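Here TrEMBL flags 280 as active site, proton acceptor. As annotated by TrEMBL, FMN binding site applies to 106-108, 135, 156, 158, 184, 256, 278, 311-315, 334-335. Taken from TrEMBL, the feature glyoxylate binding site covers 193, 280, 283. What TrEMBL records for 27-385 is domain 'FMN hydroxy acid dehydrogenase'.
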Ligand SMILES: Cc1cc2nc3c(=O)[nH]c(=O)nc-3n(C[C@H](O)[C@H](O)[C@H](O)COP(=O)(O)O)c2cc1C
């Protein structure tokens with residue numbers, strides 16, 4: 001009799017455990033607890049072609065993976081017994097105050113993730129009191145995004161062979177209240193994104209250039225996005241064109257895609273207002289280095305004359321902490337914003353930014369830093385540090 005009772009109890013326990021696990025899975029899938037979990041949610045929410053357009057990188061995707069992995073090889077050296085009852089994450093970028101050093105990277109075609117597209121992203125960035133860099137390839141126009149809400153925003157520029165397009169966009173961005181131009185310099189041609197080629201990724205009409213150039217392109221069996229970009233972008237863009245850009249706008253110009261000390265020095269010489277250490281999230285030159293590994297090289301080259309921002313693989317507050325310890329003033333976040341948008345619209349983007357901010361705040365508290373200026377080089381140990389200490 002008691003054996004039967006024990007057996008029944010055991011079966012009941014097992015059933016309850018299975019139910020708990022199932023419930024746990026359901027809860028986990030709908031309520032992400034960190035930024036990485038938004039990726040799976042986005043994959044579920046999006047058609048394969050769109051998810052892979054967002055998630056993919058160039059060729060072997062070595063750089064794509066390296067961006068994230070490189071952060072994992074840097075450790076944090078915390079200081080203890082510091083009064084961390086108040087933490088201040090606020091900072092300034094080109095004179096504009098933001099609530100934390102976490103900004104929104106430019107990325108194209110937000111409407112693939114959500115019908116509200118960049119309007120939702122812009123509202124989420126504004127509510128988070130941070131700066132969004134609107135992509136040249138946005139689904140909503142420069143003007144529509146500007147009208148969506150009041151906020152400090154920058155505009156990212158690609159330069160087409162027809163130079164009047166860039167001139168037109170810069171003039172419209174300036175008129176619409178954007179506060180800086182972010183010239184992307186790592187894209188004379190589009191990187192080979194094999195997922196897009198396989199999926200025959202189709203580019204929707206480029207909203208910002210409507211009426212300025214024809215957007216009809218023959219894909220020739222591959223990705224029409226690749227064909228379109230390669231037929232429009234100006235591969236002759238060079239350093240002298242920064243002077244041209246400066247001559248057509250009063251806005252400060254940041255250069256996005258600088259990953260060597262040589263180019264960082266020239267960027268200062270030509271009067272850039274800032275540099276963004278970026279390999280385009282591993283979407284351009286595969287086997288270019290993980291960005292966090294070259295931040296210091298760029299920081300040393302610019303000698304504090306202009307701000308250094310870094311992007312690529314930032315997925316944790318501790319990543320932001322590490323980037324700042326290595327000398328960056330701020331980070332940009334790319335894919336997680338798109339995943340947040342795909343999973344939960346405007347609210348999802350807000351959540352992504354909020355999670356990173358909360359994690360950064362916690363990392364600062366646990367490492368004994370009460371403000372961003374307290375985060376110093378001695379708070380991190382890189383692979384290079386470890387190698388040097390062995391010599
Ligand atoms: C889907 C997608 C579209 C992008 N579009 C642009 C763009 O239009 N202009 C640009 O300068 N960078 C673009 N980027 C690169 C991002 O600005 C940023 O450098 C990169 O996403 C950072 O890496 P992360 O995604 O690992 O955070 C794009 C990135 C992605 C993932």
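From the backbone N, Cα and C atoms, a Cβ is placed for every residue, glycine too.
Here the features listed in TrEMBL are placed on the structure.
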residue: 106; record: FMN binding site; DSSP (3 states): coil
residue: 156; record: FMN binding site; DSSP (3 states): strand
residue: 184; record: FMN binding site; DSSP (3 states): strand
residue: 193; record: glyoxylate binding site; DSSP (3 states): coil
residue: 278; record: FMN binding site; DSSP (3 states): coil
residue: 283; record: glyoxylate binding site; DSSP (3 states): coil
residue: 312; record: FMN binding site; DSSP (3 states): coil
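Each of the binding-site residues 108, 312, 334 was scored by the number of other CB atoms within 10 Å of its CB, and the largest score is that of 312.
In this structure, the C-alpha atom of residue 184 (FMN binding site) lies 9 angstrom from that of residue 280 (active site, proton acceptor). When the Cα positions of 193, 280, 283 are compared pair by pair, the longest gap among these glyoxylate-binding residues is 12 Å.
In this view, residue 193 (glyoxylate binding site) is surrounded by 25 other Cβ atoms within 10 Å of its Cβ, with every protein chain counted. Note on the domain 'FMN hydroxy acid dehydrogenase' (27-385): its mean pLDDT in the predicted model is 95. Of the chain residues outside the glyoxylate site list 193, 280, 283, 56, 57, 58, 190, 191, 281, 282, 284 have their Cβ within 8 Å of the site's Cβ mean position. Across the fold, the C-alpha of residue 312 (FMN binding site) and the C-alpha of residue 283 (glyoxylate binding site) stand 10 Å from each other.
Cα of residue 314 (FMN binding site) to Cα of residue 193 (glyoxylate binding site): a distance of 21 Å.
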